[in-house]
């Protein structure tokens with residue numbers, strides 16, 4: 001790493017290798033160039049999973065406001081009482097909402113009637129109708145108890161309290177055969193015997209449990225605001241099938257702090273999901289995966305976590321997945337967790353390796369001024385010598401030619417002295433000025449040259465400059481790095497893979513972080529660091 005021009009792509013775990021490998025002065029030479037666009041990692045859930053909304057609520061507290069404040073764009077009513085239909089229709093039309101009526105004798109495709117992709121639909125069912133359960137069963141087969149469907153089940157008065165009984169209530173027995181998932185909105189409204197208030201209770205199912213869950217009764221009276229949706233933050237210890245990433249490190253080391261530097265990001269994401277499971281009181285039934293999820297041979301079938309969710313084997317993922325358009329047809333994203341970046345980190349090359357340092361100590365203006373001053377002093381010295389001989393012909397000094405004066409000035413500049421130094425005072429003053437100027441300039445030049453020999457170059461600041469330099473690049477051998485060439489549309493990154501990585505043997509282009517850091521002064525990792533914070537960041541990885 002210290003002797004070659006080389007680049008390596010790793011992740012935050014490589015910081016520990018850097019800390020063990022480099023001296024302090026070498027760490028200050030570490031630099032990086034961003035490669036990947038900064039994107040968000042997110043927990044993934046199976047496409048259409050009922051747990052998606054509630055995991056999302058945990059991460060984004062205001063998600064509940066979306067449901068509470070959203071207004072349905074259309075209403076579907078199932079009823080067998082004409083009087084109620086006319087009165088209800090007038091109220092709906094006065095509000096300017098779309099209204100559809102379904103009656104027992106109507107032959108309307110339920111799935112098409114309740115179909116929606118973006119808008120919320122309110123479905124009001126008169127449970128006193130004999131075929132109301134059949135209507136709901138058809139809706140259940142079409143997966144219409146979704147987050148976009150708000151069901152209100154109107155029932156007759158029953159008992160003094162009008163509260164649902166899980167053990168004896170015939171309505172509960174009828175609803176247990178329906179697919180009412182966790183993220184559904186099914187509210188049962190029962191009129192109390194006093195005919196002055198209504199008891200509201202939500203009904204849903206936790207996971208694969210055979211029985212339904214009923215919320216605490218809420219008494220509503222005319223004139224009051226509709227009660228907020230009860231929180232569903234207690235899954236009562238239900239088991240949820242969960243996928244977790246296990247790479248580079250066996251599962252037995254997942255909770256061993258001695259190996260926290262291995263597979264760090266996956267362990268961190270699992271810890272976040274573990275906190276969520278405590279908050280929502282559920283248990284994770286884990287399934288191991290060795291990759292995040294990439295298309296298999298360019299098909300629509302995915303491997304890794306995405307493939308497991310695509311096959312319906314798990315509900316949620318305790319791992320951060322990049323938000324990609326190609327995955328959105330098969331999984332949903334529950335909440336952003338961390339920002340993912342990619343960058344090449346490398347030891348800056350010496351300035352002498354990338355430029356000619358002999359012209360760098362002084363600017364062109366300094367060189368021009370120095371040369372002009374030497375010429376002026378040389379001419380002045382020669383004129384002074386001729387003037388002294390003119391006023392004092394008896395001067396014993398032999399006359400100088402212009403060529404000799406020029407050679408004397410060159411010798412002075414090179415600190416070689418002069419073969420025939422002047423003896424008169426005026427010439428000596430000029431000679432001394434020329435000599436001191438040469439000494440100061442040459443001393444400064446030598447000191448700056450020594451400093452430049454120890455200076456790192458800042459010439460490489462972009463990915464294009466890095467590719468056009470003499471550095472050899474490599475990346476960490478993980479699925480994301482090897483598949484990123486197929487995902488990106490950036491021509492520069494495609495050129496990097498084609499010219500700098502795929503042109504090498506696989507084991508040299510994609511290798512472990514230990515090998516890359518030891519071998520390479522240039523390596524790519526996901527979290528750019530600054531020199532002064534390198535050690536402190538490494539300790540917290």
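Note: Cβ is positioned from N, Cα and C throughout, glycine not excepted.
Automated prediction, rather than curation, is the source of TrEMBL annotations.
According to TrEMBL, the feature domain 'Ionotropic receptor 75a N-terminal' maps to 71-222. Taken as a whole, the domain 'Ionotropic receptor 75a N-terminal' (71-222) shows an average pLDDT of 78 in this prediction.
Sequence-remote contacts of a segment are chain residues at least 6 beyond its ends whose Cβ falls under 8 Å from one of its Cβ atoms, and for the transmembrane segment (356-381) they are 405-406, 408-409, 413, 422, 427, 430-431, 433-434, 437-438, 441, 444-445, 448-449, 452-453. Residues or ranges marked as transmembrane segment by TrEMBL: 356-381 (among others).
Among the features that TrEMBL reports, domain 'Ionotropic glutamate receptor C-terminal' is placed at 365-468.
Outside the transmembrane segment (429-453), and at least 6 residues removed from its termini, the chain residues within Cβ reach (under 8 Å) are 350-352, 357-358, 360-362, 370, 373-374, 377-378, 380-381, 384, 409, 412-415, 418, 421-422. Taken from TrEMBL, the feature transmembrane segment covers 429-453 (among others).
Summarised by DSSP class, the composition of the domain 'Ionotropic glutamate receptor C-terminal' (365-468) is 74 helix, 1 strand, 29 coil.
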